[in-house]
């Protein structure tokens, strides 16, 4: 039996948006069963709600952004990843600005926030999206694919012509569970190259970026004094992003995901392609007295 989950208590955080550079106040609130993840722009009059829905994705350049009723919510992927990692189904995310705080560039601070708020089980079974048929999308040599699998596993391969990202450190696989997510994925930070800085600034991107919230590389090395948290932190962060992007499907995935040089745009294209093909997936749940789901979530954390 795996039940839906929400937060036990309301919790708040503040930070800056990675791309906007704006200070933002964020409040995470409990939500009822079947509510899902809903963002709320409390700085707007009237307040606008934006569901965490792959069909509302309008921005995929260096982040995943949603738009609903004229209101934007930018850089949702790291919080969505943490929610997926801890199995939180229902939550209200109030924001005082259009972009979520970047924190340290990983999902670790969001994991800590969620655990600090406490996570409680609710009265209805959790709903999973079970992959029944292979679905694949491509963009040039980039590939993102879902395949049937008993559980949830993710594999990712990146290709960067950089001495700090050799081929042997460009591949990562994870058999998803809360424990594996927290230990192996959640601390991996977003990264960027000095050579791309001008391109980003011209487009008003990365304005809040610094070595406090990203790994920064020049042509030869990592510039952060503390170095890397994992030897292959770069590809692990790509899995972190993918877990967040895929959670916009509206439920936890049961299947195998494979990404080759994929990013936010292709991940979103994959989710949309899946949802559009009704023969390729089904809703499943595991009510009391039935089989256990093939994915392990940590016991609820009662704060």
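Glycine residues also receive a Cβ, built from the backbone N, Cα and C atoms like all the rest.
Site annotation (Swiss-Prot, ligand Zn(2+)) includes 237, 241; from 35, 78, the additional listed residue is 78. Around residue 78 (Zn(2+) binding site), taking its Cβ as the centre, 31 other Cβ atoms fall within 10 Å, counting all chains. Spatially, by CA atoms, the binding-site residues 78, 237, 241 include one closest to residue 264 (active site, proton donor), and that is 241.
The Cβ centroid of 78, 237, 241 marks the Zn(2+) site; residues of that chain outside this set whose Cβ lies within 8 Å of it are 77, 81, 106, 107, 188, 189, 190, 238, 240, 244, given in sequence order.
Fewest Cβ neighbours within 10 Å among the recorded positions 237, 264: this applies to 264.
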